[in-house]
Amino acid sequence: MEYQVKNLIIGFGKGGKTLAGKLANQGEPVVIIEKSNQMYGGTCINVGCLPSKKLILQGEQQVPFPEAVHDKNQMTSFLRDKNYHLLADQDLITVIDGKARFLADHLVEVLQPDGSKINYQAERIFINTGSTPFMVPIPGLAASKYRIDSTQAMDLTKAPQHLVIIGGGYIGLEFASMFQHYGSKVTVLDHNNVFIPREDRDVADAVYHDMIAEKIDIKMNVLIKKVNQDIITFEQDGKLHTITADKILVATGRRPNTAELGLENTNIATDQTGSIVVADDLQTTVPSVWALGDVKGGPQFTYISLDDQRIVVDQLFGKKEYKLSDRTLVPYSVFLTPPLSRIGLNEQDAKAQGIEYKLFKLAVAAIPKARVMNETRGIFKILVDPKTDLILGATIYAVESHEVINLITLAMQNNLPYQILRDQIYTHPTMTEALNDVLKD
Ligand SMILES: Cc1cc2nc3c(=O)[nH]c(=O)nc-3n(C[C@H](O)[C@H](O)[C@H](O)COP(=O)(O)OP(=O)(O)OC[C@H]3O[C@@H](n4cnc5c(N)ncnc54)[C@H](O)[C@@H]3O)c2cc1C
Ligand SMILES: NC(=O)c1ccc[n+]([C@@H]2O[C@H](COP(=O)([O-])OP(=O)(O)OC[C@H]3O[C@@H](n4cnc5c(N)ncnc54)[C@H](O)[C@@H]3O)[C@@H](O)[C@H]2O)c1
């Protein structure tokens, strides 16, 4: 069977689902294809941000792990159902279960769960297929029955006694902190010789020492030689070591979901990482085929996928002004306890780029709300341009930093001098009000 459609979206991720709603609001019909009925709404709500943050919070609140997993599952199934109906209940939107694959530039085949196939010839195609965990080629790792990914880690029936995590990036550190709260002994193995290398050393040292103080074992500069089921052999400082794990969580990055998309049948180009190559307006190398979110490479965050959708909508229905190159400020938060958040430049970037800066720094212990919350660890660092008074960047390692960072981003985005944040009336007691003090000359 072959259908002609105006808009075809492959993947029910953040960008794709939001775009589907916008297209329908413009009176246009849309077909959206999703390969798994457990993934309506995409990675974030089902197996990514929201379930992990729910488990992190419940771990901090000392909820027993099985209960926390149960609550997490209730939340994800509620959100999945809500997301499905938000689209499927609209007259102009058709949600199709099935795996999509290109047969030609504008021709897509969908393999449905019952084995039947439908073809769609589409005027416009939007690829939003996300990413999948990348399996490092360590001998024996793929065959180990102790190996899990982040999705499986969040569905365990009990917290492992000894969790070994390969990779000390976002997932590795967030899950290390989370499982430590559920009572697991946690060891993190990372091949980098520097811990969280993109951060300033004083901040990284503070995070490292706080994690070590919580008995999380972090081993850097590690070369993993082999995995024999639950035994991991690695080299560090020229010596061979072995450790035994109840579970081995592989958190060594995620790669775009392009391998099974049939792109070899098209003129859609990918780069050496498998990411779809896009222009500044997010069109691929085939006109009227766009890529949004993780699948196009670059930062892998839900809010990037959402913002990609803004670029596409602006091309289709707006002033055609908003482009990828306009997105210069992207904040992030690593949800440790306490969280580490960042926007713009830090000291090491400023020095490397020869940018002059004035540094404002405050220990979290000086903030009343931190005392109220019994979480006095961490630091605020804000860099300001001494000539213009504009904020160059901020790193906040502090409880609630994931909220405060958004206010600083807003100030930077709107070119507000730092004095505006310094002299603002803030509610009390809050972590935000620390900006009154941290920015004092
Ligand atoms: C454990 C974890 C925690 C995270 N925490 C955060 C966080 O706190 N904050 C944050 O911003 N980001 C976080 N992320 C990253 C974030 O989840 C992703 O960047 C984001 O979800 C990517 O969205 P997307 O729109 O690109 O695609 P996705 O949401 O991944 O959607 C892609 C969809 O396409 C479907 N699909 C794939 N191939 C096909 C095909 N051939 N045919 C049909 N359908 C297909 C998939 O099933 C999926 O539903 C986290 C990720 C993980 C794994
Ligand atoms: N809070 C958030 O926004 C959040 C949370 C979780 C995930 N995410 C997203 O998910 C993506 C994937 O997360 P991730 O942690 O898997 O990837 P990552 O790129 O953040 O970290 C991967 C880590 O694995 C290490 N590594 C790679 N190969 C290794 C090897 N052979 N041996 C030992 N260590 C090795 C790297 O040095 C790095 O520290 C991230 O890029 C992030 O954007 C975001």
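A Cβ is built for glycine as well, from the same backbone N, Cα and C atoms used for every other residue.
Here's what TrEMBL has on this protein:
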type	residues	note
ACT_SITE	HIS428	active site, proton acceptor
BINDING	LYS53, THR129, GLY130, SER131, ASP294	FAD binding site
BINDING	GLY167, GLY168, GLY169, TYR170, ILE171, GLY172, LEU173, GLU174, GLY253	NAD(+) binding site
DISULFID	CYS44-CYS49	disulfide bond
DOMAIN	8-303	domain 'FAD/NAD(P)-binding'
DOMAIN	330-436	domain 'Pyridine nucleotide-disulphide oxidoreductase dimerisation'
So CYS49 (disulfide bond), by the Cβ count within 10 Å over all chains shown, scores 17
The correct three-state DSSP answer for LEU173 (NAD(+) binding site) is helix
Same-chain residues at least 6 apart in sequence with Cβ under 8 Å of the Cβ of LEU173 (NAD(+) binding site), in sequence order, are VAL188, ILE196, VAL207, MET211, VAL334, LEU336
Recorded positions CYS49, THR129, GLY169, GLY253 vs the residue listed as 'active site, proton acceptor', shortest C-alpha separation belongs to CYS49
CB < 6 Å to ligand 1, subset of recorded positions CYS44, GLY167, GLY169, LEU173, GLY253, HIS428, seq order -> CYS44
Hits among CYS44, LYS53, GLY167, ILE171, GLY253, i.e. recorded positions with CB under 6 Å from ligand 2, come out as GLY167, ILE171, GLY253
The recorded positions listed are CYS49, GLY167, GLY169; by CA-CA distance, the one closest to GLY130 (FAD binding site) is CYS49
Residues in the domain 'Pyridine nucleotide-disulphide oxidoreductase dimerisation' (330-436) per DSSP class, helix first, strand next, coil last, are 35 helix, 29 strand, 43 coil
GLY167, GLY168, GLY169, TYR170, ILE171, GLY172, LEU173, GLU174, GLY253 bind NAD(+) per the record; greatest CA separation between any two, in Å, is 13
Of the recorded positions CYS49, GLY167, GLY169, ILE171, the one whose Cα sits nearest to the Cα of THR129 (FAD binding site) is CYS49
Widest Cα pair spacing in Å over the listed FAD contacts LYS53, THR129, GLY130, SER131, ASP294 is 22
By Cα geometry, the one of the recorded positions (CYS44, CYS49, LYS53, SER131, ASP294) nearest GLY253 (NAD(+) binding site) is SER131
Given the NAD(+) site GLY167, GLY168, GLY169, TYR170, ILE171, GLY172, LEU173, GLU174, GLY253, its other Cβ neighbours within 8 Å of the Cβ centroid, in chain order, are ILE165, PHE175, ALA251
Here the mean pLDDT of the domain 'FAD/NAD(P)-binding' (8-303) is 98
Rounding to whole Å, the Cα atoms of CYS44 (disulfide bond) and LYS53 (FAD binding site) are apart by 10
